[in-house]
Amino acid sequence: MNTSTSGKCPVMHGSMTTAERSVTEWWPNALNLDILHQHDTKPNPMGKDFDYREELKKLDVAALKKDLQALMTDSQDWWPADWGHYGGLMIRMAWHSAGSYRLFDGRGGGGTGNQRFAPLNSWPDNGNLDKARRLLWPIKKKYGNKLSWADLYILAGNVAYESMGLKTFGFAFGREDIWHPEKDVYWGSEKEWLAESVLRYANEEDPESLEAPLGAVHMGLIYVNPQGRDGKPDPLKSAHDVRVTFKRMAMNDEETAALTAGGHTVGKAHGNGLESNLSAPPEAADIEEQGFGWVNHKTRGVGRDTVTSGLEGAWTSKPTTFDMGYFDMLFGHEWELKKSPAGAWQWQPIDIKEEDMPVDVEDPSIRRMPIMTDADMAMKVDPIYREICERFRKDPEYFKDTFARAWFKLTHRDMGPKVRYVGPEVPAEDLIWQDPIPAGNTSYDVGAVKAKIAASGLSVSELVSTAWDSARTYRGSDMRGGANGARIRLAPQKDWVGNEPERLKKVLSMLEPIAKATGASLADVIVLAGNVGVEQAAKAAGFDIAVPFAPGRGDASAEQTDAESFEALEPLADAYRNFLKRDYELPPEELMLDRTQLMGLTGPEMTVLVGGMRVMGTNHGGTRHGVFTDREGALTNDFFVNLTDMGNSWVKNGGHYDVRDRKTGKTKWTATRVDLVFGSNSILRAYSEVYAQDDAKEKFVKDFVAAWTKVMNADRFDLKK
């Protein structure tokens, strides 16, 4: 027997799951469509028919909260609770789950249970939160499919606060779990954790120059460095960083101060040991660790000897009670810089009495020095934060209410409108950051509205473009935007360059009287106008088709609209209308994928929509780029037929491309990068070829209508209840 190959891997082609180069590594500049496929049903073990909202109806919320209350004080030997209470740990887990949200693109946040997966499960700032998740496993195991991890993380934080004396503002279930890491979230370009901040600031002296859409000063942090940016203590500089990072999470100064104080009223920081003694984070842990990271195999490493952030100590005298102790500690003492046992910078009081110190987490006969982070000291040295905190200190009830509301906002900001909330503790009060929309009318004559629109004299391009502009703001990351509410008629949307204000004003002046005369909301009329335009274009192509429509959208008022927060939804690029506000570092086709992913569309849906929008003449400003047809206004597959025709050649001409006849050299059309990518990228070309086929004319129309309807209804959560 020949044993020369003994010990070699029997799979001769090697491993495609570890070190082998992927397609994108071989060709790094190739357009990667993975973000459009990341939440396919294939990796989801629940199956296509699973309905979490239906499962929630079976959940015994009172029993669940009772179990969570019991968990808080059920200390486990493998990870003992500080002072016998897991509240601080659970709050940090919930906070860091929700706190990754950023306003710019709505990504991050606690709405998906993403903390279970890389990179978040192994971020330096999330150290030892794997222990919190494992402590929750018996409860998740007990309640099964009736309770998502995403809901459990946030509820555990809520119950932790309640168990320590805070009256919370409320809680909503409804967060659905994802089943693999998110590929669409840009966390930064750095290649190492906690890399120097110069890599994400255009100007280190200007906190506002933090790279968009990022919301943290370093790679691997939720907000700011507790020791000061780049580990250099400077409370005033930290104040600026805190202000910018919390603003990027849609928090104002008062909410920021309340969250900082309320978050550090309970629990402690851990740094009584050496970070070098810790093992790898969960994603890199040895297989026998079973997903446990930061394990200390060299010393005791738990209880009072835990190392997490490197800072060591509690902020208050009673770290398991929600009281006013944070303000008393911060403003009642002078502070000096010291190094923790782990070598981290922290602030300690100069003149504190022993009886005002918190007790040791294991031995109540021992007193320990309290601490403040650089961000805590910012609350004292920044004049705006100080004034707010002193106001809180004088009015405890106001502080508790402000914090409870800010905590609710923090933990629910990415859930979208209130109609998505489920459960017995949903607050009755409507909050402006929920983008409230009044109920719409469903009893009007839809046919009569469509007839009036058709008789208005508005063109297919005007009808379709306006409806598209109204709906395209939807983003599935935080469920904001969309056609419902007709906020396209309000500031700031009515003035966005991408919405062509003059054209928009003209179209709305024609549609508003129709809404008034028929009893329909303007939001419904705008969508119906787009549907009429699509139906007219389909008819011009030889197909009679009715675009599905569901009435019931409402019209939001200016008072119900936080104009500043809606600025983040402005489309700076929209490939569907061949619009680019200005040149960006990223190529237009990458921006197209980003918007497509936010809208919840697939690669084929993106393809059919772009092709249809081009032939209907919906380009921003009426440009001719990509209008590969002689029948503009008809919903034909001409875009794809001519894109894939080898009788044409494509020649760069300044900022665009000429489509020329190969034989004569005559320019037939012009195009942009987002037009040509559908013939250049191998995957998109495969989709384009499907729609270019001779037998695809009807399929193209039907697929366009289906994708169009998906966009128009993306924010109709009332239809999905």
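Start at 1 and count along the chain as shown; that gives each residue its number.
Including glycine, each Cβ sits where the backbone N, Cα and C put it.
Listed in Swiss-Prot for this protein:
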- Arg92: site 'Transition state stabilizer' (SITE)
- His96: active site, proton acceptor (ACT_SITE)
- His264: heme b binding site (BINDING)
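Most buried of the recorded positions Arg92, His96, judged by other Cβ atoms within 10 Å, is Arg92. Distance noted between the C-alpha atoms of Arg92 (site 'Transition state stabilizer') and His264 (heme b binding site) is 10 Å.
Within 10 Å of the C-beta of the residue listed as 'heme b binding site' there are 25 other C-beta atoms, taking all protein chains into account.
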